[in-house]
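Participant: Take a look at this one; I'll ask things after.
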Amino acid sequence: MLVLRLLNVVAPAYFLCISLVTFVLQIFVFIPSMFRDPSTTPLFSPALLHGALFLFLSANALGNYVLVIQSSPEDLGKDLNLGKGAEVADWLDGSRSPASALPSTHFCRLCARVTQRHDHHCFFTGNCIGNRNMRNFIMFCLYTSLACLDSLVAGMAYISATLSMSFADPLAFLTLLPHSISQFFSGALLSSEMFVILMLYLWLGIGLACAGFCCHQMLLILRGQTRYQVRKGMVVRARPWRENLQEVFGKKWLLGLLIPVLNVESNYRRQKEK
């Protein structure tokens, strides 16, 4: 438990550090290297378009990241009168749950609260993913993967121009790291160039991981399930996939796709208001 709590603090700091490094490299290294002659650069040059695209992706990724943290799942412990001691222990070991509990509620040891439609605990946000912040979490994963892909392409273009090498051969990227390490220790490669090469593989790993997680999460949403339900083997009521999507993304899904906005109100809160 101590290791998990430490990871819950270190992982968000690690993500913010990677985001800051990526932003600095893009704005002060990659994009300026695309300008051959700033005085003759047209208004809609590839460099300016790339800079605008990167800022759009970064704003959406960081905006949804903040909304995931702010839109914490409801603490149902107070409304369900869980109390302390033995009753909370029942939630911990899963032996029983209160009769008034809604389906898919779960007590998170790290957050110390019971949340509705619990999916999983995200260490990179230090928060549980549930009914209120699921849409923002998916948008965060989507735009993070796109921002990493954008940075990967810009970094490869920068390395190609700096080291006068070509990535036309698919094996060139796979052999880039071991070849660069040998050149770095022999003194033929600068530390700044080596750092950019290491970041290329980091962006590739984070981008693929976020894209895969986003696709897996979308598949669960289409089926009307959460990761917690799949892990516990819970049977869910079959519904049309359109209803499952609307429950998570709401009717104004296009607005949430373009700009970071708060998620729709949860069904539990609607029931309380009624």
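Glycine residues also receive a Cβ, built from the backbone N, Cα and C atoms like all the rest.
Automated prediction, rather than curation, is the source of TrEMBL annotations.
Feature table excerpt (TrEMBL):
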type     : residues : note
TRANSMEM : 12-35    : transmembrane segment
TRANSMEM : 47-68    : transmembrane segment
DOMAIN   : 103-229  : domain 'Palmitoyltransferase DHHC'
TRANSMEM : 137-159  : transmembrane segment
TRANSMEM : 196-222  : transmembrane segment
Participant: Under DSSP, the domain 'Palmitoyltransferase DHHC' (103-229) has how many residues in helix, strand and coil?
Facilitator: 81 helix, 12 strand, 34 coil
Participant: Restricting to the domain 'Palmitoyltransferase DHHC' (103-229), what is the model's mean pLDDT?
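Facilitator: Average per-residue pLDDT within the domain 'Palmitoyltransferase DHHC' (103-229): 90.
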